[in-house]
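Visitor: First the structure, then my questions, so here it is.
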Amino acid sequence: QLPADLTKMHLTDNPHPQVTHVPSSQSGCSIASDSGSSSLSDIYQATESEMGDVDLTGLPEAPVDSEDEEEEEDEDIDRTSDPLLGRDVVRECLEKEPADKTDDDIEQLLEFMHQLPAFANMTMSVRRELCSVMIFEVVEQAGAIILEDGQELDSWYVILNGTVEISYPDGKSESLCMGNSFGITPSLDKQYMNGVVRTKVDDCQFVCIAQQDYWRILNHVEKNTHKVEEEGEIVMVKEHRELDRSGTRKGHIVIKATPERLIMHLIEEHSIVDPTYIEDFLLTYRTFLTSPLEVGNKLLEWFTVDSLRDKVTRVVLLWVNNHFNDFEGDPAMTRFLEEFEKNLEDTKMKGHLRLLNIACAAKAKWRQITLQKPSRDSPLFFSLLGGSDKGFGIFVETVEIGSKAAEAGLKRGDQV
């Protein structure tokens, strides 16, 4: 079992985010897939080496409301519209003896089991091994006693269907439903049931894992994990994984860490088995951080370090390209982007600056703003730059903070 102080860490078990459909927001956020992010990295490298014109066609676009994706989504819905079909496949896999389960069977079980609370805080390798040894049991009648008070325990049980009640000797009772577990803890010591476990409904289904297997698998996780400690406290846990049987694609993937350590890992070297860490972080950081500025301020701080500058720039470029709504809808994040742009100018990183401008322009959208003036001579509270005499379009150069123009939504960089 993982130490108690890991409860404040956050599970990031899936290293490959899928293209996610999100509700249309005011700023029209788009989320790019892994392939889009990779091509952005390619452009990033090409732009740094070449100061000439940049080919805009290379910039990845992954609008979530495209017709093709809607058609694919409809097909996915049709395929998965019958949940009973999926459960039948899982049951067929469960009813096989452990020795008869194929790799495909275990993958089917793994996909189903990882949704259950009992398996939530386990690593992928532990879940997979548990799926390979679990036994399926069904208790057809309600009121049947599964475990007596004081009975010696020999298995760990997870409920797949139905409800059980545990009646304790002190008169208290507890109901457990789908996804909950009961039985032994991962130890080879003799353990005895405290209370009576009985079914509350008909057709209760369980998976059972023998004590020996449960202890062996959960203790084996210690050999597969690497813990990072700072000042005596565990701040990150990595799991060793192999993506193929040849052994060429193997390494450690981050599965848990404190929020501060997750941010720091953005600029660290990433394993070959965890190539999309930055994309994963940018997709999920709002679940464990209160403000995106926590990330932005650290990136500005790291930008001052020469050896980290390229890595910081890549993070920001991916952020702008994949989640432009984080900046467009937040004045504080817009100011962060302006400060980062100024830093690129000051350090003469012209290629990176050009790519940042391309990404912002590609993700921007049309909008209409109405400004009302009390009289013709009243100030506008913003200034413009450009025009035909300058050879480029008309852009908003400055907007007075707190003015009517700012309240209406006019922003520096807007093209009229």
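Cβ atoms here come from the backbone N, Cα and C positions, even for glycine.
Unlike curated records, TrEMBL annotations are generated automatically.
What TrEMBL shows for this protein is this:
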REGION    1-83  region 'Disordered'
COMPBIAS  24-41  compositional bias 'Low complexity'
COMPBIAS  64-77  compositional bias 'Acidic residues'
DOMAIN    118-218  domain 'Cyclic nucleotide-binding'
DOMAIN    250-363  domain 'N-terminal Ras-GEF'
DOMAIN    368-416  domain 'PDZ'
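Context for these features, please: burial, neighbours, distances.
Guide: Remark: secondary structure over the domain 'PDZ' (368-416) totals 5 helix, 15 strand, 29 coil, with classes taken from DSSP.
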Visitor: Please work out the mean pLDDT for the residues of the domain 'N-terminal Ras-GEF' (250-363).
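Guide: The average pLDDT of the model in the domain 'N-terminal Ras-GEF' (250-363) works out to 91.
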Visitor: Summarise the domain 'N-terminal Ras-GEF' (250-363) by DSSP state, stating how many residues are helix, strand and coil.
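Guide: Reading the DSSP string over the domain 'N-terminal Ras-GEF' (250-363) gives 82 helix, 8 strand, 24 coil.
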